Amino acid sequence: MAPHGPNILLTGTPGVGKSTLGQELAERTGLKYINIGDVAKEGELYEGFDDQYKCPILNEDRVIDELDATLTEGGNIVDYHGCDFFPERWFNIVFVLRTDNSTLYDRLQGRGYSGKKLEDNIQCEIFQSILEEARESYKTEIVHELPSNTPEDMEENLEKIIAWIAEWKTKQSHN
Ligand SMILES: Nc1ncnc2c1ncn2[C@@H]1O[C@H](COP(=O)(O)OP(=O)(O)O)[C@@H](O)[C@H]1O
């Protein structure tokens, strides 16, 4: 039995609610919440700067090296707006959060996004780019979409994931 619990990936376009859900889920389950953006910032795991988006470029290999031991142990909730560079073996389940365009637009504007950055993120959601990325990177049966528009959605998502964790643990104890 894996004593630390499963590894869960929360992914989706920026602003869909990954960190809000992930932090609350960690509080309720005792799993460890890992925000890839924060890990990169703390360890300065970057390789250059993106002039168009005015943000540093993630050094994906260094992020993987930094987290591999923790993820191999299990019991983590990982939050990132991308999913194709993580080792497939890291995750037991992948949730792709989805938000309606107008709601996402308001959230990103509220966060100070504007111009091309705002439009590109809305397009990313319209084209369901992250959902496709997840389906290409993991077994489709472990990839699940979750609506993330309202506080009620968030509560339902929490309950759904907590129920899944309980089921996962039961299965582990029978192995
Ligand atoms: N299910 C939800 N219903 C309403 N507001 C939400 C929901 N999920 C997130 N939010 C709000 O949307 C904003 C972006 O959420 P955040 O968790 O930072 O997104 P992400 O981590 O995906 O970038 C925050 O202001 C948060 O309070």
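Including glycine, each Cβ sits where the backbone N, Cα and C put it.
Those TrEMBL annotations? Automatic predictions, nothing curated.
Residues or ranges marked as ATP binding site by TrEMBL: G15, G17, K18, S19, T20, R111. Here TrEMBL flags 35-58 as region 'NMPbind'. What TrEMBL records for 110-120 is region 'LID'.
Other residues of the chain with a Cβ within 8 Å of the Cβ centroid of G15, G17, K18, S19, T20, R111, the ATP site, are P14, V16, L21, R107. Cβ crowding, taken as the number of other Cβ atoms within 10 Å, peaks at K18 among the binding-site residues K18, R111. Only K18, S19, T20, of the binding-site residues K18, S19, T20, R111, place a Cβ under 6 Å from an atom of ligand 1. Under DSSP, the residues of the region 'LID' (110-120) split into helix, strand and coil as follows: 7 helix, 0 strand, 4 coil. Reduced to three states, the DSSP call for S19 (ATP binding site) is helix.
DSSP states for the region 'NMPbind' (35-58), grouped as helix (H, G, I), strand (E, B) and coil, give 8 helix, 10 strand, 6 coil. Annotation for T20 (ATP binding site): same-chain Cβ neighbours under 8 Å, separated by at least 6 residues, are M154.
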